[in-house]
Amino acid sequence: MKASIASLICCLLGILHCASAAQELYSDSLNPCQANSNFSATLFDVVLTPANDSMSMSLTGVSTITGNITIDLVVTAYGLNIYTTTLDPCELDLTGLCPMSEGQIDLPQANLPIPASALKQVPGIAYTIPDLDAKVRVYFNASDSTTSAACVEATLSNGKTVDQKGVAWVVAVISGLGLVASAITSGLGHSNTAAHVAANALALFGYFQSQAFIGLTAVDLPPIVASWTQNFQWSMGIIRVSFLQDIATWYQRSTGGTPSTILSSLGTTSVEVEKRSVEGVGRLVKRAAYLLHNQILKARSTATTSDTTNTVIVRGIQRVGFRAGMEVTNIFLTGYIFFMIFVVFVVLGVLLFKLFCELLIKSGKMKGDKFQDFRNGWTTVLKGILFRLVLIGFPQMVVFCFWELTRDDSGAEMVLAIFTVFTMIAILAWASSKVIRLARRSIAMHKNPAYILYSDPVSLNKWGFLYVQFKATAYYFIVPVLIYLLTKGLFVALAQSSGTVQAIALVVIEAVFLIVVCVMRPYMDKKTNAFNIAICVINFISAIFLLVFTGIFGQPGIVTGVMGVIFFIYNAVFSLILLIIVLVASVVALVAKNPDTRYQPMRDDRGSFIKSQSHLTTELDALGATARGESKHGWNNKTGARVEDDDDSWSGGSSDPTAHQNTAYQGAAGYPSNGGSGRHMPPSDQSRGSESVVSPYEQSRTEQNRTGSMSSNGRSRQQAASPSPWQRGAGYE
């Protein structure tokens, strides 16, 4: 009669769909689905293989039920009850269940034949759809009562999932390619192309992190949504490497912490997540079949909390770590280590590239003007890259560091989390205030924020990561962006006990940010604005879907299941479009002879201020470069005027505040050192006499006389008495 039960289970399995060479349906979890359940399973495995008309099943559990019982079987798929029946174990002659007695129940693995007629009732789509959302629930009812004495349920899977390592690798490589392409293009002097490629690559990376945030929430997600968002957890540093897990465990133990042992005790532990209340249908996390040598387990949503001592509840961030195959107590340190590794590799990459360029030039295999700006000012470029890495890792560290404060895995990890997150906040806050001060100074002196922000190459390379993606008049927009990221991260990290709170917060945050971006349109041009607005729209829609997944509207289970599939489809399509855009832009930037022709000049005229010294072609170009404080050998001239320097010690300015201010004042405006232009020098400079600072304009006039470009002193006086063509072209007459 066991074959009859197997046939019945077969009928229940069939509901849904993604092709496989070996068709099968299986379950490796049997978890309690009611409080005070009198039956629990420590091992449950069942595999239906239609190819050989058989089902393999084994069960080990503990029961406190005595007497005769009846069994109610309920099969659900995507929230719908598709089959319900009542069985009498005595009529079916099920040994150990008629009658039931307290103690251990051990059914060894057995292969049961399945009638072909039963297999035909299982639709082929059930073997192919990824992340099958179906389960079988079993109620044990006492014969003399209608009360359920125990409830267990098993998830059903066909082994197909959208959580694929290949997907994660592809999106990671293309994101990295965009950043590398922008860096190389910038080094070659194509600043307009570099700005566009970098802006799109960073926006793409931010979108991936937003997808990862969905998976990190404590909302009980449909299986296909949980699997899809798992593809982007690499952007948060959730990457399992065996020896790094060993290091994280060792570090925690050595600093007074106690590592969790969920993965090592899966043979005797059921892993559950919080129940979603939708028509009484809970969801299961698949109790691990995780084995160190062969597979990474997939977590599933589960039923209600059980009083069974060997049940562990995971949700949100813990669920993501469990699916990635790492202990809960290693999640924070894993993300932290990978961020540090990322920083170290980027720094080493910059150093090696600098060395590689110098070796090629010395060997005569590369022209001396290639990457000239980078080679002359590589230290400043490296500082800017480090600041950019802090911005990229900011969402990740906000989530994990603040989450660690609620975990207290060890004292040292707590200190590490506090120091890291507040240091990053301080760095970005300082950098943002620096940009705002520079822009306001530029507005006060030149009526245009772009002048100082883009005319000084040191400022541009050090702080430009905060404003180049925005139009010049929206230089401050990095502040709303940082507030947006910080607020999202705080809700994801600190509201892990309530998925509903997280979902509502994300809807409000995404809606506000979408409105702000649509109204202000702060990005550099129409295409970049469209790119980022589209991402904001998708993030807002995803937040609405997340709110629906909480079950707050009491919708039928089928609605939640269908919306989960829709969530996957529209995000997959949108991700593909973004990846193609970034990939094409990156390849064109690297292979095109002059990629700047693909992009229109910026309306804020930033191009006239950031022209590379290695691409000067006219006397006016040279004059403008000199007025910006650049030497003829490149912009890394420590003695030239710097508009970025002020009395802030962080910016590495002069130790003499007065001289520092005067140098910046003259270098920014290109004013002559006397009244010949009709403008007045600061009083401190007038009192200096022969020691007064020579203005960049006087330096440029000297250079022109040396090369013979000025034919007479009269012409020089005429040039000094009126604004230069470069100044008139920039609008500062």
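Even glycines carry a Cβ here, placed using N, Cα and C.
What TrEMBL annotates here:
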{"type": "COMPBIAS", "residues": "684-699", "note": "compositional bias 'Polar residues'"}
{"type": "COMPBIAS", "residues": "705-725", "note": "compositional bias 'Polar residues'"}
{"type": "DOMAIN", "residues": "23-163", "note": "domain 'ML-like'"}
{"type": "SIGNAL", "residues": "1-21", "note": "signal peptide"}
{"type": "TRANSMEM", "residues": "336-357", "note": "transmembrane segment"}
{"type": "TRANSMEM", "residues": "385-405", "note": "transmembrane segment"}
{"type": "TRANSMEM", "residues": "411-431", "note": "transmembrane segment"}
{"type": "TRANSMEM", "residues": "474-495", "note": "transmembrane segment"}
{"type": "TRANSMEM", "residues": "501-519", "note": "transmembrane segment"}
{"type": "TRANSMEM", "residues": "531-553", "note": "transmembrane segment"}
{"type": "TRANSMEM", "residues": "565-592", "note": "transmembrane segment"}
Same-chain residues at least 6 beyond the ends of the transmembrane segment (411-431) with a Cβ under 8 Å from one of its Cβ atoms are 251-252, 255-257, 332-333, 336, 387, 390-391, 393-394, 397-398, 400-402, 404-405, 463, 466, 482, 486, 650
Most CB pairs under 8 Å with the transmembrane segment (385-405): which of 336-357, 474-495, 501-519, 531-553?
474-495
Taking a Cβ cut-off under 8 Å, which residues six or more beyond the ends of the transmembrane segment (501-519) line up next to it in the same chain?
213, 217-219, 480, 484, 487-488, 491-492, 495, 529, 532-533, 536-537, 539-540, 542-544, 546-547, 549-550, 552
Residue counts (helix, strand, coil, in that order) that DSSP gives for the domain 'ML-like' (23-163)
11 helix, 75 strand, 55 coil
Need one number: mean pLDDT over the domain 'ML-like' (23-163).
75
Short question: which residues 6 or more past the ends of the transmembrane segment (336-357) have a Cβ under 8 Å from it?
237, 239, 244, 247-248, 366, 370-371, 374-375, 378, 381-382, 385-386, 389, 393, 396-397, 400, 416, 420
